[in-house]
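Asks: Just lifted these from TrEMBL, have a look:
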- 21-47: transmembrane segment (TRANSMEM)
- 67-87: transmembrane segment (TRANSMEM)
- 94-116: transmembrane segment (TRANSMEM)
- 140-164: transmembrane segment (TRANSMEM)
- 176-194: transmembrane segment (TRANSMEM)
- 275-560: domain 'Sulfatase N-terminal' (DOMAIN)
- GLU283, ASP498, HIS499: Mn(2+) binding site (BINDING)
- SER325: active site (ACT_SITE)
Amino acid sequence: MRNMRNMVICIWKFIKRISKWCADFTIKEICFLYTFLAIAFKSVVFLGYVKGPNFSEVNIIKGLSTIYYPLYFIFFILIILVGCFLLKGIGRGIYLFVTNLLITVLFIVDILYFRAFEKFVTPHMLKEIGNLDNLSDSVISFFSAGDILLIIDIPIMLFVMIWLHKKLFTSRAKPVVFSVLFLISAGYLLHIPFKTQVLGIKDKYAFIFDVTWRPDLTFKRLSPIGYHINDLIVYYNDCKTVKLSQAEVKEIKDWYNAKNENLPDNKYKGMFKGKNLIYIQVESLENFVLNRKVYGQEITPNLNKLLKNSIFFNHVEEQVNMGTSSDADFMVNTSIYPVRRGSTFFRYPDNYYNSLPLQLEKTGYSTTAIHPDKGSYWNWMKALKSIGFQKCIDSSQFVMDEIIGLGLSDGSFFKQVKPIILKQKQPFYTFMVTLSSHGPFNIPQKYKSMTIPEDVDKTRMGGYFQSVHYTDKQIGNFIDELDRAGMLENTVIALGGDHCGVHKFYRYDIVSMKNKEDWWMENYNYIPFMVYSKGSKEEIVSVRGGQIDIMPTLLSLMGVDEKEYSNSAMGRNLLNTNKNFVILANGSRVGSIDTDQKQKENEIKGLEIADIIIKSNYFKEYKE
């Protein structure tokens, strides 16, 4: 009985000591606990945005419900905060404040990027900071009132630190506390990777660390902080030089063999052989505005006119990934999917490809790429030179006399491009892009020429109509000028959107609009692709395709034999195919459902194959 009594007393004393230690720790380490809880709360807010009705309205309940593995949330926060216990006094407070501030900035950048692209920032994007030039309006347009929840704790913490600094920061360094918390956190976070990758033992929860096509899944499993720590590891592995094994080289060749249809040539082969080719890539142009009117006015009267003498592919979908517009440049000219993480032009600007300009150069064409922005923007100039353009012209070679949004207005751009076109050695291939219809679609009033009710005109959709209408007018003027100069008799003009615009970046603004028409609501990911030739008949091709299919389609029209690119182009000739599908950047397949499962899997596998091709510089290092 006495032993039992002594045991109870010992347990009671132990509990009292632990309670006292916890109470003392709470008082002395209030900044640590505050920071931990603040970051945990912001993680929930972030998930609440991701799972909310739209990415601009936070739903805390749904945010909490998506925490699949709460211990990962706890220990990922702990492992970045415990370093404070190696410091004493004010140093500990500064560590906690700066860590909280950096995580807050990361979360804000994450949510803004997610609202735009439904992806999260990666270390690869550090190379792309220069792209923020002239993008302030676009960035600001993605902020939401609820974002205050991500920053409200920062001024509170700063105030408390200044007000109570003498009481809060008198503690000594606590290496024992650091060691215990660090070892517990690291042990829990690393036990599965150690088990599977070092010991080679399978674990049913290994999927938690998998990198998927849907980054939001990794966010939910590992927490926002865990996602970025895991992403740093993936980034480190991505930066290693890729050397392909014989098996991997064979895998690439097998993929191309399965992709190729080997169909006989048809009436479209060589239809425009020997003619000049101009490709106009229009910023944010979507299909839904073509042949449509708002308030009795055609949105794109000039493009509608072109369609009457064009081959129009009305089911081409955007396939751009993190490189957005630069990915469009890349796919149109290489027929290769862009890398899954980061920008292809920033990560691999020196790669060699069996490209559209190189194929046309072989048949005697001069080739030029023209952008009205800086060559460093998306690193496009360096990349397009490597892709094979003989000459690249950027904004430094234009008179910047009229600025709209990102840079030179489409009106001034086309006026200055005309003499460049007329002086080119024929036959030529010229690739050019426009800028003025870039988001957030707030084109200056003096350039608006459509009469739209004020309540609609001030919305994103109203701004989009005005911006696209302005660009359409400038394209019409440009083509009229070429016609007057006699260029259209021997020139083909291909035109396509680089990616979707108002439906890609502002779909929730459209949903909340009043006085909207039903057809404004959805674009189904379609971007225009048309090939215009003066005097041609109108044709509509409804086969499903994407931006990687543009190059093979154009090469066939220009008379280049398929054997020259069949084992390098990942796309197919949309004018000569029995397949009807497109693979989107998120890894989903859209198209015919009667295709056998093995073929579908191989089509989707193209994204993985493209990554290997790009990372290994396959066409330079391994192609026979």
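Every residue gets a Cβ built from N, Cα and C, even glycine.
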Asks: Quick one, of the binding-site residues GLU283, ASP498, which Cβ has the fewest other Cβ within 10 Å?
Replies: GLU283
Asks: So, three-state DSSP: helix, strand or coil for SER325 (active site)?
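Replies: Going by the DSSP assignment, SER325 (active site) falls within a helical segment, counted as helix.
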Asks: Can you tell me the CA-to-CA distance separating GLU283 (Mn(2+) binding site) and SER325 (active site), as a whole number of Å?
Replies: 8
Asks: Within 8 Å of the Cβ centre of GLU283, ASP498, HIS499, which other residues of the chain have their Cβ, at the recorded Mn(2+) site?
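Replies: Near the Mn(2+) site, the remaining chain residues are GLN281, VAL282, SER284, LEU285, VAL320, THR324, SER325, ALA328, VAL433, HIS438, GLY497, CYS500, GLY501, ILE527.
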Asks: Can you check how the pLDDT averages out over the domain 'Sulfatase N-terminal' (275-560)?
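Replies: Average per-residue pLDDT within the domain 'Sulfatase N-terminal' (275-560): 95.
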Asks: Give me the count of other Cβ atoms within 10 A of the Cβ belonging to HIS499 (Mn(2+) binding site).
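Replies: Around HIS499 (Mn(2+) binding site), other Cβ atoms within 10 Å: 24.
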Asks: Work out how many Å separate HIS499 (Mn(2+) binding site) and the residue listed as 'active site' at their Cα atoms, rounded off.
Replies: 7
